[in-house]
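Undergrad: What follows is a single structure, and I will ask about it in a moment.
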Ligand code: MRU
């Protein structure tokens, strides 16, 4: 198996398998504390996914794949005759940890299918598959970095939303991988990153990754994006995705849809960067994508400090759906689709 490669602009790994357990960089503590936590069970991993210790669609899929290894070890030890049934229950529990990112279900389905064919101790073969899922994601990100950066004409800047970097993936990143590639080739000079309310993935995570990689960047309030586009400071908006429906509709972090609408109005191009594990052919269109609604407190409070007036209620959808018609380019590791449609996506997935 090829070893994980670190390019000049890729210095972070948030999900790692060490000896017999999973190690996660606790993303709730960033950017002020780089604290790692060790996990030894599927239950603890599901909790870590729910609580945003690990987040980002590909990263939660990879963490869940490693969780299946730990669940299989436990099931085989306790019930050597009946381990598969026990494992299925743990896989179902992991699937329910977050609803929108389909990479979670995709990785768990792959682990589940592999478990079906195993005779004897399942730990080693499942660990090999989890490591492959992890490495394939990194390879896909490097490939998408090449393909996506090739679409960008030399320009001052690009805008991104949420965190799509090494922290959100196996490494390097989806949208941030394209940005890393474009910067390292001298195609872009500057990155604008939305702070991304209410979890601040932009301020706490993307800005941290960009500073670490010495890529010049400005953070902006989510509501400043339209003004930025009007001033002509960005040529592309580049985002990741949590699930892409068969017709090309794109679910991503809340706020992405407004960026796409604003980009079209201002003549700024809109690029979605996602591995094919994010494409869900079983979900026909964006209306069918389950959108996670998170607790009100995430909006009413900032860093545990109450901001909103007491007795205020808040609505906190974590994702929104951008219609395919607003997407100029969908970049996957299998190739680029311009102006995605159901037919083009079906052909790409069949290739
Ligand atoms: O709620 P999060 O932080 O898990 O949401 C993450 C995103 O929306 C990312 O943009 C998405 O997963 C694509 S990135 C690899």
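Cβ coordinates are placed from backbone N, Cα and C, and glycine is handled just like the others.
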Undergrad: In TrEMBL, the residues 55, 56, 57, 98, 252, 253 are said to bind substrate. Which of 8, 201, 305 is said to bind at that same site?
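TA: Answer per TrEMBL: 201.
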Undergrad: Applying the rule Cβ within 8 Å of the centroid of the Cβ atoms of 55, 56, 57, 98, 201, 252, 253, what extra residues of the same chain belong around the substrate site?
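TA: What remains near the Cβ centre is 60, 101, 162, 163, 168, 240, 242, 318, 319.
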Undergrad: So which recorded positions out of 55, 57, 98, 242, 252 end up within 10 angstroms of residue 162 (site 'Transition state stabilizer'), measuring C-alpha to C-alpha?
TA: 252
Undergrad: Can you give the largest Cα to Cα distance in Å, as a whole number, for the residues 55, 56, 57, 98, 201, 252, 253 that bind substrate in the record?
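TA: Taking every pair among 55, 56, 57, 98, 201, 252, 253, the longest Cα gap is 17 Å.
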Undergrad: Could you check the binding-site residues 55, 98, 253 and say which one's CB has the fewest neighbouring CB atoms inside 10 Å?
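TA: 98, out of the binding-site residues 55, 98, 253, has the fewest neighbouring Cβ atoms within 10 Å.
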Undergrad: Restricting to the same chain and to sequence separations of six or more, state which residues have a Cβ under 8 Å from that of residue 57 (substrate binding site).
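TA: Residue 57 (substrate binding site) has long-range Cβ partners 101, 102, 103, 104, 168, 240, 241, 242, 243, 274, 278.
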Undergrad: So, three-state DSSP: helix, strand or coil for residue 252 (substrate binding site)?
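TA: It is in a strand.
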